[in-house]
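See structure below.
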Amino acid sequence: MSTGELLNIEPQELQFPFELRKQISCSLQLSNKTDNHVAFKVKTTNPKKYCVRPNTGIVLPRSTCDVIVTMQAQKEAPLDMQCKDKFLLQSVVASPGAAVKEITPEMFNKESGHNVEESKLRVVYVAPPRPPSPVREGSEEGSSPRASVSDNGNLNASEFTLASRAFVEQHEPQETSSEARALLSKLTEEKNSAVQQNNKLQQELELLRRAATKRHGGIPLLYVLLVGLVGIVLGYLMKKT
């Protein structure tokens with residue numbers, strides 16, 4: 001923390017997690033430790049590269065103010081990731097109840113006799129946060145191995161084979177399960193159809209048995225009647241003779 005008579009500045013340097021072709025921002029917190037209104041102004045050695053919001057303002061007594069510094073997307077990385085850009089934060093006591101629109105460049109002119117406090121801040125490039133490492137093969141149950149990409153952007157042959165095999169093993173049980181369910185459903189339908197046909201055949205066979213029993217049961221009765229009738233006729237003839 002940079003400590004002055006008017007403002008405390010945190011942090012003491014502007015740290016940007018540098019990435020090519022990406023706009024990056026960092027923040028400063030200004031703390032007014034006095035009972036006065038404090039006006040501030042932010043300057044930089046490279047104004048086309050940075051955007052400061054707000055670049056001027058007023059910090060109320062015993063309060064804080066946040067300043068956002070945004071670095072425009074860069075097409076090239078500096079040598080050794082070193083940056084020579086600098087920032088200068090000027091602060092001065094303002095009149096009570098002063099508004100932002102009342103801040104003028106003359107207020108920060110030392111030659112005019114104003115007591116201007118200045119704090120220099122340097123710019124530092126830091127490494128961007130690393131993405132989470134890929135899960136290694138076998139580290140988690142059910143996870144498939146990830147194939148890595150070589151420097152020229154091509155997938156290694158052995159790793160492609162492992163990835164393909166894992167994909168097949170992962171999806172094959174699902175396909176097999178679907179085929180098994182379809183086959184089981186088909187067999188169940190055929191079984192039900194066979195049972196229905198069997199029941200129908202048994203009913204028809206029972207009807208045929210009953211009809212045959214009636215036919216076979218009726219022939220002896222007729223035969224007895226005929227024999228009896230013939231006997232009666234012969235007896236009558238014998239008596240008559």
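Just so you know, glycine gets a Cβ as well, placed from its N, Cα and C.
Per TrEMBL, the feature domain 'MSP' maps to 6-126. The region 'Disordered' annotation in TrEMBL covers 127-154. Residues or ranges marked as compositional bias 'Polar residues' by TrEMBL: 141-154. The coiled coil feature in TrEMBL is assigned to 184-211. According to TrEMBL, the feature transmembrane segment maps to 219-238.
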Helix-strand-coil residue split for the domain 'MSP' (6-126), DSSP-based: 13 helix, 61 strand, 47 coil
Arithmetic mean of per-residue pLDDT over the coiled coil (184-211): 78
